[in-house]
Amino acid sequence: MQTYLLSQQFNGSSLADSSPTCPENATICDGTSCVLPEDDFNETLSIVLSTVLTIMLALVMFSMGCNVEIKNFLGHIKRPWGIFVGFLCQFGIMPLTAFLLSLAFNILPIQAVVVLIMGCCPGGTASNVIAYWVDGDMDLSISMTTCSTLLAMGMMPLCLFIYTKMWTDSDAIVLPYNSIGISLVALIIPVSLGIIVNHKWPSKAKIILKVGSIVGAVLIVLIAVVGGILYKGSWIISPKLWIIGTIFPAAGYSLGFFLARVAGLSWHRCRTVSLETGMQNTQLCSTIVQLSFSPEQLELMFTFPLIYSIFQLLFALLILGGYRLYRRRHVKTKTDVEKTEQKEDSKSNAKINGGFIPSENK
């Protein structure tokens, strides 16, 4: 059994006592310090919940794949204008925004580094679920998440090398390529199976999609709650990081939507790019932070990925609520108005930007 040393502080009256206070579960007590069994509850809880959440996430991504058409997905790969715009947002806007926020708030070097790590991470899978609920382009959403995770192998070291020079040596940051690879596999396999199901059994795929979208929404909230439970002892953090954690995802959503619209993408693709830009892979950021810094350094910024995760979820829910309210007020009887706009935008903008034109629009 592993143990740790717990120092006991005594005041004048306790020193006068013949029998100093010692915890009941102490294995050794010499009057000035006690040896206690290590509390591994959080570690066990983390392993159990991580396993459950991983399985649930795989099932959710399987259901998201059931909404993907093979020809449309391949069309985005062959004519990757939307993916390219998303790439500029993911590895251009987000790292630069992280850099500017760190300078503007003049935070500690170690805190600036964790903000930059968050900005350099690829998109998270939660964006696929939210994109579904805001009638986004699911083919583009999943292709962007896949490509950003794959490109993160090279783009994360490059971005960290460029932006962390003034604060630390980029070699001191440990990138868990195995975790990135696992994320990629956990994304590709379930989505691929979902695409196959949608191709062969479209009626069953619709049922799976409806169930998976609801489970996915619940899962996003569950992950945030679990994070709060596991890291409840790490909430004492600089107010500046709280402010940055609030501004950062909002800036990602806004700038991603703006750049996508400037690039000539249709409205539903702009919503998709916006979500893919603002929603980062916070689990990957937490892993990098834990591997790269000492326990003393972690106390200064370990909770930032969780703060970002909470606010990126809150803003995503606001976007979802605003969009649903808009549809209820402006699209009451003509349920296909949005689809018509998407087709018209796709035709006009695809010719200009080289985007993918679905076969039904030709």
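Indices start at 1 and increase along the chain as displayed.
Just so you know, glycine gets a Cβ as well, placed from its N, Cα and C.
The transmembrane segment annotation in TrEMBL covers 45-63, 83-105, 112-134, 140-163, 175-195, 207-229, 241-260, 306-326. For 336-348, the entry in TrEMBL reads compositional bias 'Basic and acidic residues'. Annotation comment: TrEMBL describes 336-362 as region 'Disordered'.
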Per the Cβ filter (under 8 Å) with a sequence gap of at least 6 from its ends, the transmembrane segment (83-105) is approached by 76-77, 111-112, 115-116, 118-120, 122-123, 140, 143-144, 147-148, 151, 155, 159, 162-163, 167, 240, 243-244, 247-248, 251-252, 255-256, 259-260, 263, 265, 273, 276-277, 280
Given 140-163, 175-195, 241-260, 306-326, the one sharing the most C-beta pairs under 8 Å with the transmembrane segment (112-134) is 140-163
Residues outside the transmembrane segment (241-260) whose C-beta sits under 8 Å from one of its C-beta atoms, at least 6 past its ends, are 85-86, 88-89, 93-94, 97-98, 101-102, 105, 107, 111, 115, 118-119, 269-280, 301, 303-304, 307-308, 310-312, 315-316, 319
